[in-house]
Amino acid sequence: MAASRLVGAYPVIGIRPTIDGRRGALDVRGSLEEQTMNMAKAAAKLFEENLRYSNGEPVKVVIADTTIGRVGETAACAEKFRREGVDITVTVTPCWCYGSETMDMDPHTIKAVWGFNGTERPGAVYLASVLATHAQKGLPAFGIYGHDVCGADDTDIPADVREKLLRFGRAAVATASMRGKSYLQIGSICMGIGGSIIDSDFIESYLGMRVESVDEVEIIRRMTEGVYDQAEYEKALAWTKEYCKEGFDTNPEHLQKSREQKDSDWEFVVKMMVIIKDLMNGNKNLPEEFSEEAIGHNALAAGFQGQRQWTDFYPNCDYPEALLNTSFDWNGAREPYILATENDVLNGLGMMFMKLLTGKAQIFADVRTYWSPEAVKKATGFELTGLAKESDGFIHLINSGAACLDGSGAAKDENGNGVIKQWWEVTEEDQKAIMDATTWHYANNGYFRGGGYSSRFETKAEMPVTMIRLNLVKGLGPVLQIAEGWTVNLPEEVSDALWKRTDYTWPCTWFAPRITGKGAFRSAYDVMNNWGANHGAISHGHIGADVITMASMLRIPVCMHNVPEEEIFRPAAWNAFGEDKEGQDYRACATYGPLYK
Ligand SMILES: C[C@H](O)[C@@H](O)[C@@H](O)C(=O)CO
Ligand SMILES: [Mn+2]
């Protein structure tokens, strides 16, 4: 697997097999040692086989050297976990244990407890007891209790327990992966977009990340002084000439650039991409004299200002944004970068959350236009059917640049369905199909006087997707919105007619949110009308429940979602804040506050 591009270890999961410490004639502990350690081994195997870091490597899991019956063993386990870089702990037990003596009291770990539902020994009673103690001590933990009683010798993990362990694991690894990494801002506030007004305190205290900032002149300096890997640049340019097919130029004839100027723009934007890569993650292949630049900014995500000043003068950043967000480039499949356009740091963070949860490339889009069935009929004569009809219309998602090319849905699963794959599953065939589904159009001179090339594709597959938005509200703090739904594959003539009414040379996705009939999900119109900003981050898959679990770990309340209530999994202490799932979330997040305050 690819090595990490970033400095800073990936989070390790520590399993804590916890046990009743009583010996004596009946040796309670002795009778439970094997079952307890087997639970730990089963949980470790589940994580190792199903969880991966964003770089594609299996998640590292360690188990305490012994079962944990008394506080001395608790301390020994904590010491081992400290040495191993454990950020996440899962305590497992089939029996009664002594909660405050055996619980994980490290204030910085993300915690879960699995109490085996077997009636021979009171594992569930310990679970309830230690979760109460976690709540009393302000160390909220996730509680996992299987629905059905299992036999004491059952070593299989029940399906509902498996689902919760994996949801917890994905969200905890995503949350802890951010610790110590950077968000790189290239340029500054973009066209007055609030999301591009970076809030370092939020990024530091909620995400545990650092903000790095670079003026865009650095890109020009590096181009001018040759601070880039010449061989890499030439390889990238050759690949680009072969696979990035130019499409129609919609600019008026008198504004269209010459072939020489267009070729010069290709060279410029390819150079921009290799330089932005280096800015984000460094590059040991840079010429010796550039040892400082070789270090990079250790950025897990970044944003580029683009509009306006840069794009009024230089070729735009659409090519670097599109390809860096994609699952591959001239070097083949590789971990997608997160590069937000318009320097919308809040949307970039949303993309980052979901890439860390899924290992998939992400789409950045304007939440541009709600199309009602009536408006579509009036504009095209077409009667909506299927998902678009069920959602009472659909939303046009379109923004130049930072939509991953995977968003066309040109990669196919084993059944021939269009998907966005985990990047390590993307084949050469997928890469070719995705590039064939994309054309590159000279930049709209109205918005991008400096030129450049915009990627263009239409999401032609009907795919499950999740759109989220991270918003900052003064006096409240961060909130998250989540809309699960599907991409809609409209008949070509219908899509064309609607697309032509706006930016016809940009990536285009038609989105039908799942409608619940309630609140902001009464119709697709209500989703748009309640959306908190101009942009959304879109991931393949219905991952809203994972986002909700991750948000609770980050202490970010969810203000809007259409995830079925039974899928909501948050720390057990949330139940103490009331029965209504939304209100308890707000109250709990306000009480616990940011992880790194
Ligand atoms: C029209 C502006 O130049 C575009 O940037 C606009 O479509 C946006 O994406 C604003 O978020
Ligand atoms: Mn936009």
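Even glycines carry a Cβ here, placed using N, Cα and C.
What you are looking at is a predicted structure, and each value in this text was computed from that prediction instead of being measured.
Its own atom aside, the Cβ of Glu342 (active site, proton acceptor) has 29 Cβ atoms within 10 angstroms in the protein chains shown. Secondary structure from DSSP puts Glu342 (active site, proton acceptor) in a helix. Under the heading active site, proton acceptor, TrEMBL lists Glu342 (among others).
Residues or ranges marked as active site, proton acceptor in TrEMBL: Asp366 (among others). For Asp366 (active site, proton acceptor), the Cβ neighbour count at a 10 Å cut-off comes to 21, with all displayed protein chains included.
The Mn(2+) binding site feature in TrEMBL is assigned to Glu342, Asp366, His535.
The domain 'L-fucose isomerase N-terminal-1' feature in TrEMBL is assigned to 11-180. Summarised as a single figure, the pLDDT of the domain 'L-fucose isomerase N-terminal-1' (11-180) averages 96.
What TrEMBL lists as domain 'L-fucose isomerase N-terminal-2' is 181-359.
Per TrEMBL, the feature domain 'L-fucose isomerase C-terminal' maps to 397-561.
Cα of Glu342 (active site, proton acceptor) to Cα of Asp366 (active site, proton acceptor): a distance of 11 Å. Summarising the environment of His535 (Mn(2+) binding site), the number of other Cβ atoms within 10 Å of its Cβ, over all protein chains shown, is 30. For His535 (Mn(2+) binding site) paired with Asp366 (active site, proton acceptor), the C-alpha to C-alpha distance reads 4 Å.
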